[in-house]
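One structure is given here, and the rest of the page talks about it.
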Amino acid sequence: MSKIAKILAREIIDSRGNPTVEVEAHLEGGFIGLAAAPSGASTGSREALELRDGNPARFLGKGVLKAVEAVNGSIAQALLGKDAKDQQHIDQLMIDLDGTENKSHFGANAILAVSLAVAKAGAASKGMPLYEHIAELHGTPGQFSMPLPMMNIINGGEHADNNIDIQEFMIQPVGAKSFKEAVRMGSEVFHHLAKVLKSKNLSTAVGDEGGYAPNLESNAAALETMKEAVEKAGYVLGKDITFAMDCAASEFYNKETNRYELKGEGKTFTSEEFTHFLENLTQKYPIISIEDGLDESDWEGFKYQTQVLGDKIQLVGDDLFVTNTQILKEGIQKKIANSILIKFNQIGSLTETLAAIKMAQEAGYTAIISHRSGETEDATIADLAVGTSAGQIKTGSMSRSDRVAKYNQLIRIEEALGERALFNGLKEVKGQS
């Protein structure tokens, strides 16, 4: 009933108009799983490799026909007749077949899409929702929690065509009593932010992740604008709503000068100076989480940043750790950061993703489930967040259906879980419980 009968891949389009890989996994019992791989814009140098065709005559070189061919050929052949419920075996087969350190032979986009499609088919064969199947794979059967959303309402950096250097300015509806209420609060602030921007004759065009992308005089001006929107929505800043930022500092780090260059403000900083720049912002605004506050290779700088800020706020490693247990283990040993961002496609399989979440949780680090800037309607990360009780999720703003699909799936899951739907809000954030 749960043996794989057919694997079928195709090229589809993501939210940035680029091709990505979608896979159907068909089981003997008639069960089907459908999944698509996301794609990032600001990527860590140690991420698993996304396989692109490189043919400039087609999709500007970004086609994924090679990855599709790998799935429909070698991968499909290897998986036929295998049990879809044995996720670890399926993923290991693909990793071994690929044979490279960074999945560059088949592409992480190919392997991940198969991995997720098989997981969905496996869940269907067990007659259970995906989040329940994931909880079992994670070794925590029957344990679920709803994540606190980190909503990216002002986009900058690589996610927008504006002059803001910091990539994401987020709100967290920590005063909510349920996930559905958190979504409502976020939506209301989002709409009030549009009014605030319009009143200042600023753009309300949106970036890759559905947040507004105005030109502002400084990064602090983004926080000030958000503060105004929160207050106009009738919420108390710091009590009902808190702030979070993703600096994506590797994107404005000059490796030749070892300086962080905020070109939008005309300022440059050393590692220590940039840490204190961020510290100053946390003293002015209720920022309780900062992601990639320094360059991914600046481990000495991160050590200092963790010493300065790590007891007060959540310091999240994204490009720093790239969902990789080997790198995370080193970070834990060296006391660098206190949280990891979890992105399926940075590592390239569900099994390896679950291993990174487990390692973080066992070390007392938080694990934040995240989308990528290039997304599809696939909402698997919603089930991942609930099934691993990760406690936090980043899936963009309150616009663009590729973002909203994840919020809507979480609303459905919360409804299905009923009284079992725990929502811990602020307690899920490192340093805030």
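Glycine residues also receive a Cβ, built from the backbone N, Cα and C atoms like all the rest.
(2R)-2-phosphoglycerate binds GLN167, ARG372, SER373, LYS394 as Swiss-Prot records it, and from the list LYS195, LYS343, LYS358 the residue named for this site is LYS343.
Of the listed candidates (ASP298, ASP311, ASP318, ASP319), Swiss-Prot assigns ASP318 to the same Mg(2+) site as ASP246, GLU291. With every protein chain in view, the residue among the binding-site residues GLN167, SER373 whose Cβ has the most Cβ partners within 10 Å turns out to be GLN167. For GLU209 (active site, proton donor), the nearest neighbour among the binding-site residues GLN167, ASP246, GLU291, ASP318, LYS343, judged by Cα separation, is GLN167. If you take the Cα of GLU291 (Mg(2+) binding site) and the Cα of GLN167 ((2R)-2-phosphoglycerate binding site), they are about 10 angstrom apart, rounded to a whole number. Apart from the site residues ASP246, GLU291, ASP318, the chain places the Cβ of GLN167, GLU168, MET245, CYS247, ALA248, ILE290, ASP292, VAL316, GLY317, ASP319, LEU341, LYS394 no farther than 8 Å from the centroid of the site's Cβ atoms, the recorded Mg(2+) location. Between the C-alpha atoms of ASP246 (Mg(2+) binding site) and LYS343 ((2R)-2-phosphoglycerate binding site), the distance comes to 14 Å.
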